[in-house]
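Enquirer: Sharing the record's features from TrEMBL:
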- B:T172: FMN phosphoryl threonine (MOD_RES)
- B:20-37: transmembrane segment (TRANSMEM)
- B:43-62: transmembrane segment (TRANSMEM)
- B:69-89: transmembrane segment (TRANSMEM)
- B:95-113: transmembrane segment (TRANSMEM)
- B:125-145: transmembrane segment (TRANSMEM)
- B:207-223: transmembrane segment (TRANSMEM)
- B:230-249: transmembrane segment (TRANSMEM)
- B:255-275: transmembrane segment (TRANSMEM)
- B:287-305: transmembrane segment (TRANSMEM)
Amino acid sequence: MIDREEFRQIRDNGVWHQNASLIQLLGLCPLLAVTTTLVNGVMLSLATIIVMAVANVAVATLRNLIPHEIRIPVFILVVAALVTVVDLVFNAFFHQLYLVLGIFIPLIVTNCIVLARVEAFANKNSPLQSLLDGIFMGVGLLWTLALLGGLRELIGGGTLFSGIEMVFPGMQGLQLLPADYPGFLLAVLPPGAFILLGFLIAWKNWVEARAAARKPDSGSEQGSPLPLADGV
Amino acid sequence: MMVFSTPPYLLQERSSVRRVMLQVLLALLPGIAAYVWLIGPGIVVQLVIATLTALAGEAFMLALRRKRLALFLSDGSAIVTAWLIALSFPPLAPWWLIVVGTLLAIVVAKHLYGGLGQNPFNPAMVAFAACIVSFPALMSQWPALGLKLDFLEQLQIIAGLAPRIDVMSGATPLDALKTALKLSDGSIDVPTLLATQEVFGNFAGRGWEWVASGYLLGGLWLWQRKLISWHAPFGFILGLSLLAAALWAWNPQQFANPVFHLFSGGALLGAFFIVTDPVSGCTTPRGKLIFGLLAGLLAYIIRVFGGFPDGVAFAVLLMNLCVPLIDMYSQPPIFGLKNEP
């Protein structure tokens with residue numbers, strides 16, 4: 001079905017090499033609006049992972065039945081049905097969080113990452129590979145949004161995991177910095193998210209440039225330090 | 001035997017970034033002197049903090065970018081940015097506010113965009129805008145007039161050792177006017193306010209009018225030395241006072257006169273030291289005039305109708321965005337070609 005090498009490739013692409021937020025820069029709208037805290041970022045990523053994994057499997061299974069000319073509306077229908085399910089689940093089990101995330105759960109339908117993976121990957125690959133692709137692309141999204149959310153929360157208010165009681169009742173957020181920390185409001189506002197995302201991208205490029213410099217022979221075959229997504 | 005000498009049209013004063021920046025710093029001195037007379041020596045502490053932070057940030061970024069440390073550190077451009085930040089922030093702001101602002105200006109607004117000569121936005125104004133958005137309360141705590149603190153007390157407030165007492169919470173003249181008008185809801189008019197309230201002086205804010213006059217003096221000296229052209233400051237002053245005069249003529253009860261607006265807030269500091277920035281401003285003479293004019297109009301609109309105490313920083317940043325467009329459409333025609341669009 002799938003060999004070790006192929007699995008490794010799908011995993012590395014999703015988590016690092018073609019990271020949805022840092023390389024493809026897809027789905028910036030939820031990235032900017034929702035990552036004000038770590039909990040928000042993680043929960044929205046989890047919702048997106050579920051949608052992406054199931055949508056990828058569904059589309060990969062149906063890919064030979066979907067007429068090429070109207071594939072986009074069909075994809076959107078599949079994704080929208082899944083998002084409706086996730087939306088209702090959030091409303092039922094994490095109602096407070098549902099109120100906080102608000103419009104951004106229904107907006108997963110229009111998230112370009114979901115459509116991009118369905119169109120670029122699931123439409124051309126088998127269900128198992130598509131499942132893995134959906135999950136690992138989502139994991140890539142998850143760690144980026146968690147890191148960004150954590151940084152914004154910490155810089156903006158000096159807290160971490162605030163709002164975790166909405167997911168696990170009884171747990172408390174941490175106040176890491178002293179209570180009289182004035183709060184760097186810019187980090188919580190959308191411009192701060194853009195600036196921090198820029199720093200994250202710079203950090204990723206720096207890591208890759210260093211890795212390429214360490215082994216010059218294998219670095220040359222990769223070519224550009226910014227590998228572009230195939231077919232996206 | 002022929003003797004070659006430099007033709008007269010090539011004779012000009014040696015000019016370098018360092019010389020220009022040094023003279024800009026000199027031109028700020030009259031304003032700073034008036035500031036010290038008005039508020040006390042606390043502002044000098046802020047200038048020193050900002051300068052040291054700017055030099056440290058500049059050295060760090062230069063080392064990171066593997067540039068020549070001595071050459072770029074000694075050109076003085078970082079110090080000009082630092083002084084503009086210290087002069088536009090509240091004089092008794094806590095020390096870390098100045099440090100954060102200066103680092104934002106030098107590291108983010110200047111070096112991340114490519115360093116001296118490459119930054120599309122004025123670094124000092126980026127620092128001001130970022131800080132007033134992030135720390136609105138601290139950025140609007142101006143020392144109340146008549147608050148006479150000696151040097152040690154000011155130092156303690158800046159260092160965060162003394163509590164930030166209530167007497168600190170003065171408003172700028174612009175803020176005082178706006179708040180009074182909003183609170184009275186039409187029952188009080190501007191001339192009465194200007195005549196009766198303690199915070200207003202002869203023609204603008206009490207005391208602050210002389211600080212602004214100091215900037216005006218320094219700016220005129222820069223113009224006389226041909227370090228800045230008249231276009232951008234003239235455009236800025238024209239834009240600001242035209243709109244102010246029109247609204248004042250229409251309804252003098254609700255709008256202050258243009259002289260008040262010119263000598264309040266950061267208008268004159270902006271006109272001579274910020275819109276004249278050769279890096280983030282326009283390059284063509286006509287472009288400079290348009291840039292200044294629109295920045296002046298925007299500054300008035302933001303400071304009178306907006307929610308922030310002053311509009312110069314936001315006006316300059318918005319106009320910085322338009323610079324490439326203005327420059328493209330304001331190029332003088334090449335000699336011999338007809339000036340057709």
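The backbone N, Cα and C atoms fix where each Cβ goes, and this holds for glycine too.
Automatic, uncurated: that is what TrEMBL annotation is.
Distances, neighbours, how buried they are, the whole picture for these features please.
Expert: Less than 8 angstroms from the CB of B:T172 (FMN phosphoryl threonine) sit B:S140, B:W142, B:G205, B:W208, B:S264, B:G265, B:P309, B:D310, each of them six or more residues away in the same chain.
For the transmembrane segment (B:20-37), the residues of the chain that approach it from at least six positions outside its boundaries are 43-44, 47, 75-77, 79-80, 83, 87, 91, 210-215, 217-219, 221-222, 225, 227, 269, 272-273, judged by C-beta separation under 8 angstroms.
Residues 16-18, 21-22, 24-25, 28, 31-32, 35, 43, 46-47, 49-51, 53-55, 57-59, 62-63, 97-98, 101-102, 105-106, 110, 115-116, 123-124, 127-128, 131, 139, 266, 269, 273-274, 313 of the same chain lie 6 or more positions beyond the ends of the transmembrane segment (B:69-89) yet place their CB under 8 Å from a CB of it.
A Cβ distance under 8 Å defines the sequence-distant neighbours of the transmembrane segment (B:125-145), meaning residues of its chain 6+ beyond its ends; these are 39, 85, 88-94, 97, 100-102, 104-105, 108-109, 164, 167-172, 175, 198-199, 206-207, 274, 308-309, 312-314, 316-317, 320.
Residues 23-24, 26-35, 37-38, 145, 172-173, 201, 229-230, 233, 262-264, 267-269, 271-273, 276 of the same chain, all 6+ positions outside the transmembrane segment (B:207-223), place their C-beta atoms under 8 angstroms from a C-beta of that stretch.
Within the same chain, residues 219, 223, 255-258, 260-262, 267, 270-272, 275-276, 281-282, 285-286, 288-297, 299-301, 304 sit at least 6 positions outside the transmembrane segment (B:230-249) and bring their C-beta atoms closer than 8 Å to a C-beta of that stretch.
Within its own chain, the transmembrane segment (B:255-275) has Cβ neighbours under 8 Å at 24, 27-28, 31, 84, 87-88, 122, 124-125, 172-174, 177, 190, 194, 203-205, 208-209, 212-213, 215-216, 218-220, 222-223, 228, 232-233, 235-237, 240-241, 244-245, 247-248, 281, 291-292, 295-296, 299-300, 303-304, 309-313, 315-316, 319, counting only residues six or more beyond its boundaries.
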Enquirer: Are there residues at least six beyond either end of the transmembrane segment (B:95-113) with Cβ under 8 Å to its Cβ atoms? List them, or say none.
Expert: 46, 49-50, 53-54, 57-58, 60-62, 65, 78, 81-82, 85-86, 89, 119-124, 126-128, 130-131, 135, 138-139, 158-160
